[in-house]
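> Below: one structure in structure tokens.
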Amino acid sequence: MAFANLRKVLISDSLDPCCRKILQDGGLQVVEKQNLSKEELIAELQDCEGLIVRSATKVTSDIINAAEKLQVVGRAGTGVDNVDLEAATRKGILVMNTPNGNSLSAAELTCGMIMCLARQIPQAAASMKDGKWERKKFMGTELNGKVLGILGLGRIGREVATRMQSFGMKTIGYDPIISPEVSASFGVQQLPLEQIWPLCDFITVHTPLLPSTTGLLNDSTFAQCKKGVCVVNCARGGIVDEGALLRALQSGQCAGAALDVFTEEPPRDRALVNHENVISCPHLGASTKEAQSRCGEEIALQFVDMVKGKALAGVVNAQALASIFCPHTKPWVSLAKALGALMQAWAGSPKGAIQVVTQGSSLKNSGSCLAPAVIIGLLKDASQQSNVNLVNAMLLVKEAGLDVTTSHNPATPREQDFGECLLTVALAGAPYQAVGLVQGTKPVLQALNGAVFRPEVPLHPGQPLLMFRAQASNPAMLPTMIGLLAEAGVQLLSYQSSVVSDGETWHVMSISSLLPSLAPWKPHVTEAFQFCF
């Protein structure tokens, strides 16, 4: 999945010129058009495989479903809440961002907001412009010794922590993913949220906008906070409940707030913006020359590396895909697709649980990318799932009535000596199991239901294979099968058979084209199927 057919990219928001240049130097056509309406954006995307946006363009499900050629959406920045991830994933469209591009700029703005809240700098400056000299009105507070609560300890959160520690602030925080040991390494003590609220003099949020983070600061949590707490939101509008914040400001429970983001941008309700203890900016978190250049450069390089098959970085909705660009993994992905297609042809649109088992040290962490490849083989022939790919496979397989489990078996000492790795695909509770491996860079089939092929059967993309099981004691069987091929006008290209298992043998014929029907074969064999992947 090297996205080799991605040729044209639309940039629909203002980006640094380096973005266009890098894309063009990488062999891609680039169109730059900003401030497009929904209808105009859909029209422009009809001949584009790629789209790069900042935060202004809203990539909705309507746009995604109408953009027939679209394969990749790139967000030059961190947050992707302006992209409908579910719709993109369902359609098999990759979504990527630049998680590092604006981290420093967002962190520096947050630190500036904290300092402005402590010393009321914007209010004092505005007073001076009005010709006033109000020294007593703008009495501030030192940051030294104050407690800063940081909710979200990713890249931006930790940059804020290290900077504010230099002011003598004590930093505490919460993050459901970052471990306490990791956060302690950059000076943040993690505590449960209910313990954080009453301790903080300042609270800053650095989380994505999710159902679990929407309204994270609300009437209930403000009531638990220390009276006079100051709040900063340079992350996403909606994390702080704006109605609750206004009530806390009016009651004095919250002494001040600094907001760079809002639930609605620009906000039509000006009550918060106009409050004397609120500092507000028009979403400037990433608005520095350095961040814009960095984000534009990073997303362009990610597109070019992806198209050339070098690497896949910044993936939001299919992280496991990054490993398919590893030279070791590519042939295993091809093998997984082949075994999935084999299983679909053999079991006849199976239902239930599909088991994907890896074996061998080099495949220890490969199940997450091989399972979607197996699903592609399983679902590709189903007309309603013809668009299945590595992005949407795990979503579509559930709708097809299948559960997919992955597991790993460590290699035995003997297998470790020989470096043998295996991929097994099986249908739980049914007699369908296929085992394959990679020889050099070539996928091969090793066994079906324990019947081993020696030598293994090559699995070439686009090469039809006919497989059937029959009694090993029937010497007339093979001439009969060859005769049936001739009657159908199909050439036999190669032939292999397995060792005898339970008195029967599996036979594999590489043929020039798929047979129109297997009905003539059924009286002569125990079972038969054909497939091509």
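Placement of Cβ uses the backbone N, Cα and C atoms for every residue, glycine included.
The following feature annotations were taken from Swiss-Prot:
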- Arg236: active site (ACT_SITE)
- Glu265: active site (ACT_SITE)
- His283: active site, proton donor (ACT_SITE)
- Thr78, Arg155, Ile156, Asp175, Thr207, Cys234, Ala235, Arg236, Asp260, His283, Leu284, Gly285, Ala286: NAD(+) binding site (BINDING)
- Lys21: SUMO2 cross-link (CROSSLNK)
- Lys21: SUMO1 cross-link (CROSSLNK)
- Ala2: N-acetylalanine (MOD_RES)
- Ser14: phosphoserine (MOD_RES)
- Lys21: N6-acetyllysine (MOD_RES)
- Lys58: N6-acetyllysine (MOD_RES)
> If one looks at the chain holding Ala235 (NAD(+) binding site), which residues at least 6 apart in sequence have a CB under 8 angstroms from its CB?
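Result: Gly79, Ala106, Gly152, Ile156, Val205, His206, Thr207, Pro208, Leu209, Val261.
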> Can you give me the same-chain residues 6 or more apart in sequence from Lys21 (SUMO2 cross-link) with a CB-CB distance under 8 Å?
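Correct list: Ala300.
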> Which one of the recorded positions (Ser14, Thr207) has its C-beta surrounded by the most other C-beta atoms within 10 angstroms?
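Of Ser14, Thr207, the one with the most crowded Cβ is Thr207.
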> Is any of the recorded positions Ser14, Lys58, Thr78, His283, Leu284, Ala286 within 10 Å of Glu265 (active site) (Cα-Cα), and if so, which, in sequence order?
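The recorded positions passing the 10 Å Cα test are His283.
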> Pick the one among the recorded positions Lys58, Arg236, His283 whose Cβ has the fewest other Cβ atoms within 10 Å in this structure.
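The recorded positions Lys58, Arg236, His283 were compared, and Lys58 has the fewest Cβ atoms within 10 Å.
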> Report, in whole Å, the straight Cα-to-Cα distance of Asp260 (NAD(+) binding site) from His283 (active site, proton donor).
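That comes out at 5 Å between the alpha carbons.
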> Can you count the other CB atoms that lie within 10 A of the CB of Ala286 (NAD(+) binding site)?
26
> What does the structure give for the C-alpha distance between Ala286 (NAD(+) binding site) and Arg236 (active site)? Integer Å is fine.
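Arg236 (active site) has its Cα 12 Å from the Cα of Ala286 (NAD(+) binding site).
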> If one looks at the chain holding Leu284 (NAD(+) binding site), which residues at least 6 apart in sequence have a CB under 8 angstroms from its CB?
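The answer is Leu109, Asp260.
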> At the Cα level, what's the spacing in Å between Ser14 (phosphoserine) and Lys58 (N6-acetyllysine), rounded?
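With distance taken Cα to Cα, Lys58 (N6-acetyllysine) is 14 Å from Ser14 (phosphoserine).
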> Please state how far apart, in Å and to a whole number, the two most distant Cα atoms are among Thr78, Arg155, Ile156, Asp175, Thr207, Cys234, Ala235, Arg236, Asp260, His283, Leu284, Gly285, Ala286, the recorded NAD(+)-binding residues.
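With Thr78, Arg155, Ile156, Asp175, Thr207, Cys234, Ala235, Arg236, Asp260, His283, Leu284, Gly285, Ala286 as the binding residues for NAD(+), the largest Cα distance is 24 Å.
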> Do you know which of the recorded positions Asp260, Glu265 has the most other C-beta atoms within 10 angstroms of its C-beta?
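Counting Cβ neighbours within 10 Å, the top one is Asp260.
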